[in-house]
Amino acid sequence: MAKIRVYELAKELNISSKELITLLEEEFSVEVKNHMSAIEDEDANLIKELLSGKEKSEKTKEEDDEIETTAKNPIKESTNNKKPNKRDDKNEKVNTENAEDMAIITITSETITVKEISDKLEKSYAEVIKELMLMGVMASVNQEINFEMAEKLAAKFDTEILREDEDEEDDLEDILRDNEEEEYLQKRSPIITVMGHVDHGKTSLLDAIRKSKVTSTEAGGITQHIGAYTVELNGEAITFLDTPGHAAFTAMRARGAQVTDIVILVVAADDGIMPQTQEAISHCKAANVPLIVAINKIDRPGANIDKVKQELTEYGLVAEDWGGDTICVPVSAHTKEGIDDLLEMILLSSEILELKANPNRKAKGTVVEAKLDKGRGPVATLLIQNGTLRVGDSIVVGSTYGRIRAMFNDKGRNIKSAGPSTPVEILGLSEVPEAGDKFYQVKEEKTARSIADKRKEKIRDEYLQSTHKVSLEDLYNQIQEGTVKELGLIVKADVQGSVEALKQSLEKLSTGEVKVRVIHGGVGAINETDVTLATASNGIILGFNVRPDNNAIIASEKDGVDIKTYRVIYDAIEDIKSAMLGMLEPEFKEVVIGTAEVRQVYKISSVGTIAGAYIQTGKLARNAGARVIRDGIVIFESELASLKRFKDDAKEVAQGYECGLSIEKFNDIKEGDIIECFIMEEIKKKTL
């Protein structure tokens, strides 16, 4: 059934949008959010009939009153034979026409540039600037004016300007509204989230279930990014989400709880309830998600299952064998004891929940992870929560969109379609989406682009300009002097999940004296654009597992922008916290002494991998620190194990020369890798 916007109907009826909204709510009990909301044609026709009926009755009454007045006061012949004023008639006619034919334009933000409003009004920049000057506003083409000023300006050109603040989610829900009656629903697999404290064995437990070694691929044995995996048990599929356990990734855990059906809370039998365990319990309760407690490491000396159950009661979780309704399963990821019992409990709980979805509708779900791949472009891991997603479908994801070019399952196999509760990796998006964004399948790419563009315009950042640069070393002094009221940070990381976690952790550091604000977060190497943004917004750049490119380094030195890079997320948080408290006392400074590009790779059985490299900048020195950078992301960090010039050992090799080198404990060197050589210089401590 066709629909009509409130403001369009108001224009037809020649009344204000506000009057129409009131009429809809009082006379028809139709609730609408604002002038941009859509109503059914049937309701619109009823309103037209009602108003036309009122107009007729009012008109009849007016005529009766006029006749009565005429009878009481007969018209006297005018002694003044003055002709009617044609100018007045003309003006009255023009005003009436303008009221009826006034053009309407919409904007989606609080501000708009002079250029944008000129284009919308279809007037030259000179005309618009002239009108602004007459209104006492001096503005150039690229300067912004607020909504109130834009409204007054539009009125000068017989145009009404409206603020479009509708939620696109409503539009999408309208687009996606399919039949969800019982006959269309089918049983779907449960989505399981594994939560718990650091090192309590979450990933090891998943390894035991999947019979694979994920932990060995993660730096330091700690899961850094969310992964989604599907396992088969007795012919039934179970989807697992592995959320990192350490405190800085609270946001990731919260995101996992929003899409999950059942949470497995892993608690070490020898450790008991820890801070992150408490947070996980809170997330589950807030999301109203069923909980199964896996008491892990029961093979360890000092394991005490009863102690864990006792601690759980303090948080309202009473084990079934203690008379409660919380399922507790003792397991050992190491010996695989209790794994089968745990899986049986998952399937039993999912049967009770009666999980269903409609595979024959348009797909929708959530982004689990997203990153930028040099060869494949934006790559996103999606969890389909309803409907079926196919290769070739158009989707809108947050403020980005795309048409699916390829789709892979959790095992890396190319697939053509995927149904509810299935995690997939897709290619074809225009940009890297935010982890946790909702995705929706739409009819065509044009619709997806339109919705994404609206969202981009809506969330466009307005950056504050400042002249004084901030660095971590002098941040405390500037806070004390009152120079800094807001600390702007640009966060770059290797994957979107890390960006999100860093943003949330850093913004929590805000105090009464200074507010910490992440003005931008993105995936990939630190580039010149990031430095430009930091310059304009008086910010500091933080990199997690990424490095600045050459242009960024040159620009940062020129503009005095502070760039800090980290491999451990807590170091970044502690540095900002210490700087704000005036406790930042740097003892060593990393100095990059040179970079080299790997041109050829040789594998020698007795030695390992030798790289033939060309020195691009500075020099390489033996025994100096070295990191391998691939596509702007730090792959490995160690030191140079050997450095040769031809067949001779060399202490150092200068810029413009070629050399052979090997990296300590690292053999996965590839052509095109950048070897960054650095030393740690001791510097004087600063008193802040």
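Even glycines carry a Cβ here, placed using N, Cα and C.
Copied from Swiss-Prot, the annotated features are:
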REGION    54-95  region 'Disordered'
COMPBIAS  86-95  compositional bias 'Basic and acidic residues'
DOMAIN    187-354  domain 'tr-type G'
BINDING   196-203, 242-246, 296-299  GTP binding site
REGION    196-203  region 'G1'
REGION    221-225  region 'G2'
REGION    242-245  region 'G3'
REGION    296-299  region 'G4'
- [ ] For the domain 'tr-type G' (187-354), provide the mean pLDDT of the predicted model.
- [x] 77
TODO: Report the DSSP secondary-structure composition of the region 'G4' (296-299) as helix, strand and coil residue counts.
DONE: 0 helix, 1 strand, 3 coil
Task: Sparsest Cβ surroundings (other CB atoms within 10 Å) among the binding-site residues G196, D199, K202, I298 - done: D199
TODO: List the helix, strand and coil residue totals of the region 'G1' (196-203) as derived from DSSP.
DONE: 2 helix, 1 strand, 5 coil
